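Notes for the one structure printed next.
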């Protein structure tokens with residue numbers, strides 16, 4: 001191939017083309033195989049160094065850890081609350097953590113306790129700082145794994161593709177928020193980035209090991225995302241990849257079994273229980289919300305805007321970029337289509353279920369943008385610089401700029417519109433003059449409770465009040481019944497409300513948290529003779545705000561076009 005290319009070139013004085021990229025076992029494209037690129041410079045062949053992506057991602061992930069909102073009540077009640085209980089012996093328990101069902105693995109919680117425990121010792125009187133310390137740890141995991149992916153892309157496909165991917169990983173709303181969310185799907189996302197990067201660096205055994213960790217430590221259902229890389233790694237180096245995957249899987253499953261036994265006080269596998277509940281047992285996850293077949297397409301566009309659309313078009317560019325991206329990049333990106341297809345068929349849908357493929361969407365979109373000039377270039381003349389090719393080259397930074405601007409607008413809208421719960425609960429720390437034994441009551445806003453890390457020690461308990469919700473709510477861990485080993489009788493797996501979940505006497509409430517919207521009915525805190533406002537924060541009223549203006553922050557228009565309520569912390573007026 002190289003001699004034929006040299007015959008077509010008008011100048012013959014340049015050094016011979018390296019054939020290393022075409023002689024490898026995968027016969028895939030690498031940047032050293034680009035026409036006209038000399039392989040004599042070792043520094044050039046190293047691609048992007050480690051420092052720049054570490055610095056860029058580190059800065060953005062720190063911002064995410066600081067400003068990220070709570071997107072899902074599952075993050076609070078299934079992960080932050082059990083962690084709070086392990087650290088402080090108080091917190092809310094969901095039915096999934098009942099020893100009778102044991103659907104959640106304590107191994108995932110213990111991993112974060114390794115950071116939370118020293119932070120709790122260091123910030124003994126400030127639990128909010130412990131919360132953010134754990135978030136920074138999550139951001140650090142994201143930084144390291146995504147840096148591996150970016151560096152691998154630069155060494156394999158060139159700096160342009162890697163730089164585009166880095167920009168999207170840093171600034172797209174989906175990656176910005178998912179990177180510091182305390183969720184197994186986020187952990188699987190870290191593992192996807194690491195596994196993909198190791199695969200592109202031609203390290204199949206560590207790639208499979210990372211995949212196994214993502215499935216067992218993170219989210220078991222994400223096995224479908226890791227399937228292409230695992231199978232292709234086994235094809236390349238079966239013995240090494242198989243041993244790495246098997247040893248990692250067996251070790252983590254055994255460790256998970258021991259940790260679950262320690263906390264549930266019985267031999268059980270939370271990984272197996274979760275699979276049985278959702279798959280073999282028919283599952284009843286649909287009780288917790290369903291969505292239509294276009295749910296993930298809408299959410300993908302909201303969180304990744306144009307990059308999501310471009311990523312779906314990746315298969316369309318393969319005919320003109322087969323040599324460049326086949327087979328390795330296709331193997332890395334193919335889980336996008338597998339995962340979207342599989343998850344769209346499931347009745348229960350959540351935005352967080354897309355988290356594992358967010359980095360892959362950034363890679364696919366970057367590859368499509370990089371190929372813009374290839375649509376117009378003469379296939380027999382790699383140096384074609386016709387007018388259309390030049391225009392296509394100009395469109396690349398414009399497309400990337402559009403994606404980043406839209407992402408920035410989306411991120412700002414979510415932060416400014418929905419950060420009120422975190423800000424309002426922080427105010428509680430400044431009202432300890434009330435004394436110990438206080439009770440905080442929360443009505444319909446229970447699902448925006450930011451976790452017990454925001455509840456000061458002088459508060460005795462948090463109680464839910466009846467606002468018409470008829471599903472099962474979390475209960476405090478009951479140390480009398482055994483704490484993590486308890487199987488309280490008020491829990492069930494049918495999402496049926498318990499008679500014990502609401503207090504009978506509302507006069508016991510010292511504080512009240514509620515969202516006051518412009519509605520034709522009175523709220524609990526509207527009686528100013530009983531309640532005084534301690535803190536209030538604007539909260540975006542989704543129902544009465546236009547979809548476009550509430551989704552993207554446009555200066556001046558965002559404030560004027562959208563409707564807002566007031567998220568309030570109220571204190572009972574002493575009689």
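Start at 1 and count along the chain as shown; that gives each residue its number.
Heads up, the Cβ atoms here are built off N, Cα and C, so glycines get one too.
As annotated by TrEMBL, compositional bias 'Polar residues' applies to 10-22. The compositional bias 'Low complexity' annotation in TrEMBL covers 23-32. TrEMBL lists 1-42 with the feature region 'Disordered'. The transmembrane segment annotation in TrEMBL covers 130-153, 165-187, 207-229, 241-264, 300-318, 325-345, 357-376, 388-409.
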Residues of the parent chain within Cβ reach of the transmembrane segment (325-345), under 8 Å, 6 or more residues beyond its termini: 26, 28-29, 156-157, 192, 196, 199-200, 224-229, 232, 293, 295-297, 300, 311-312, 314-315, 317-318, 353-354, 356-357, 360-361, 363-364, 367
Contact yes or no, the transmembrane segment (165-187) and the transmembrane segment (241-264), 3+ Cβ pairs under 8 Å, gap 6+: no
Intrachain residues whose Cβ lies under 8 Å of the transmembrane segment (300-318), provided they are six or more past its termini: 168, 172-174, 177, 325-326, 330, 333, 336-337, 340, 351, 354, 358, 360-362, 364-365, 367-369, 371, 374, 399, 402-403, 406-407, 410, 551
